[in-house]
Amino acid sequence: MFDGMLDKDLVSWNSIISGCVSNGLPLNGVELFAEMCSSGVNLDLATLVSVLPACSEMSFIKMGQTIHGYSVKVYGNKEITLVNALIDMYSKCGNLGSAKILFERMEDRSIVSWTSMISGYTRNGWFEEAMGLFEMMELEGISPDLYAITSVLHACACNGSFDQGKRMHDFVARNGLESNISVVNSLMHVYAKCGDMEAARMVFDCANKKDIISWNTMIGGFSKNCLPNEALELFIKMQCHSRPNRVTMACVLPAVASLSSLDKGREMHAQILRAEDLSDLHVSNALVDMYAKCGALSFARKIFDRIIDKDLISWTVMIAGYGMHGHGREAINAFKEMRCQGIEPDGACFISILYSCSHSGLIDEGWRFFNIMKHEYKIEPTVQHYACMVDLLSRAGRLTKAYNFITSMPIKPDSAIWESLLRACRIHRDVKLAERVAEHVFELEPENTSYYVLLANLYAEVEKWEALKKIREKISRHGKQKHRGCSWIELRNKVHVFASGSKLHPRSEKIGSFLEDVRKRMKEEGYFGQNKFILKDRNDYLKEDVLCGHSEMQAIAFGILNSSKGKPVRVTKNLTVCGDCHEVIKFMSKMVSREITLRDSERFHQFREGRCSCRGSWGAELKKNQGLYQDADSFGISLGTQGNMARRK
DNA sequence: CAAAGTTTAG
């Protein structure tokens, strides 16, 4: 209609420009604005205010500045709406300084000015300032509206400010604003970000109206807070009310990944393929990560290859995927290729490459990347980077070096760092250092018995019975275990969960007799009582027999007993597999001629013909198996994780 | 014909 008009006046132009800009066509809006300028029609306030949001959306900061200059000349910074639009433009283009100057020099500010500035601060990472500004606004006697409330709630969420969020919640309740979906969604987001999913759920359940954002916020919250089953449950429930969109898929896929549920993952993937509008870069990246963590590295690579505009996240998940499967060389190649494509790594990307090096025993390469990161990219290492380096040294048996490295760190080491050294001390039977290390972890986490158990096992292995007795007394005194061991296996679309030490599963009798059989055969082949392996007959000092007490043993036995001969068995565990179980699983893979894949909280272990793809993170086979699994890709589908990914509540 | 807010991947 606009094109067909013979007489276009100011309002015609303003209408079409504003129409474009507010309907996702910012470039058309800008082009029409340029046309309008050269057509000789005079501009007015509405023209400028309409076109400015298009500048911010397109990041046309030069154009925004030009408009700013023109508006000073014509309106002298006296028009509040215009200055508001300029503030918003500057903050969205990343120039918070200019936005701040404009805001501070305003004589009269409307609620929109305050809100624009509050979200400007939040957008640029100044969360405390955003919340402070909200308070100042209230002090000036301006009562917040829905926009101001959602903006400050967003700042609370980003900052993880629970108390502030709760105060806002009270305010919302007092003023009867709980019927507004945006406010409710923002509140849920605050609680989810602060880790209080119960509070988020309360808000969600009480809301009389829910939109797609409400569902996505809850599903994403469950995913991020290690409640993957709740996330999946809600995802199913949601589909009775509204259709998932791309954001939904990006929210739910990490839940699938943390459960290592390949069946569910493929279901989701199929759902994405069926609906044409369910995929974007976020979703593709989440798919690559999901497949890697479900053990299907070749699928992950296929999806990865099909991504046209790979970004830093795409590369990072692919590198981490290679790392958790022990393909360090491939990880390094991917890193190199990424740099060739002109993509700059960030701190998180370096974590995945360092992690890959440490899990593949690539010591020199690991150090090289660590130095490149510090000196070439000027990235200050965080506790996670240091943890990778300690892990690298520990696995290589350079225990003293690792100890000195930790004590010379410029930041305070956390318990995970000490733990990896403590594990290494056990493998290399270094009691003296282990005791020094243990003191640090006991101090940091006195309640966590798993460290005491670790030390106890070491004492048992070197036959220090007196020390063992003492540490066992300590264990019973400190009582509760922080993370109870549990493993799960997916068979015919059903998940079977096994907890350590329990014999509750209906098939537990059969599992027990199978494991008894394994034990007998191992005995016959001389696995006990020799120093050849870590495993010893230790009924005399361990409450639970390794063979049937540890959950992964039960899950693997269950898998072998309930699937056809020769089929691979895939199990996921929430903690790290112990050295003894690791030996037993190797034996089992040979005994029943099966490929066994175990994803623990650290990585994938692929057992085949009596060997494991981890190339001996477990010391005993450190040299023996070096380089054996260069081509582990040929395994096809296996099971993966980084850090606490596999933890399950 | 005009300004501000809520959900997503490592």
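Each residue, glycine too, has its Cβ placed from N, Cα and C.
For the repeat 'PPR' (A:9-43), residue counts in helix, strand and coil come to 26 helix, 0 strand, 9 coil, using DSSP. Taken from TrEMBL, the feature repeat 'PPR' covers A:9-43 (among others).
Proximity of distant same-chain residues to the repeat 'PPR' (A:110-144), defined by a Cβ-Cβ separation under 8 Å and at least 6 residues beyond the stretch ends, is recorded for 80-81, 83-84, 87-88, 90-92, 94, 96, 99-100, 103, 151-152, 154-156, 158-159, 161, 164. The repeat 'PPR' annotation in TrEMBL covers A:110-144 (among others).
What TrEMBL records for A:211-245 (among others) is repeat 'PPR'. The repeat 'PPR' (A:211-245): residue composition by secondary structure is 24 helix, 0 strand, 11 coil, according to DSSP.
Sorting each residue of the repeat 'PPR' (A:311-345) by its DSSP state yields 26 helix, 0 strand, 9 coil. As annotated by TrEMBL, repeat 'PPR' applies to A:311-345 (among others).
Residues or ranges marked as domain 'DYW' in TrEMBL: A:526-618.
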Positions whose Cβ lies under 8 angstroms from the repeat 'PPR' (A:211-245), at least six residues beyond its ends: 181, 184-185, 188-189, 191-193, 195, 197, 200-201, 204, 251-252, 254-256, 258-259, 264, 271, 277-278, 644, 647-649
Helix-strand-coil residue split for the repeat 'PPR' (A:110-144), DSSP-based: 26 helix, 0 strand, 9 coil
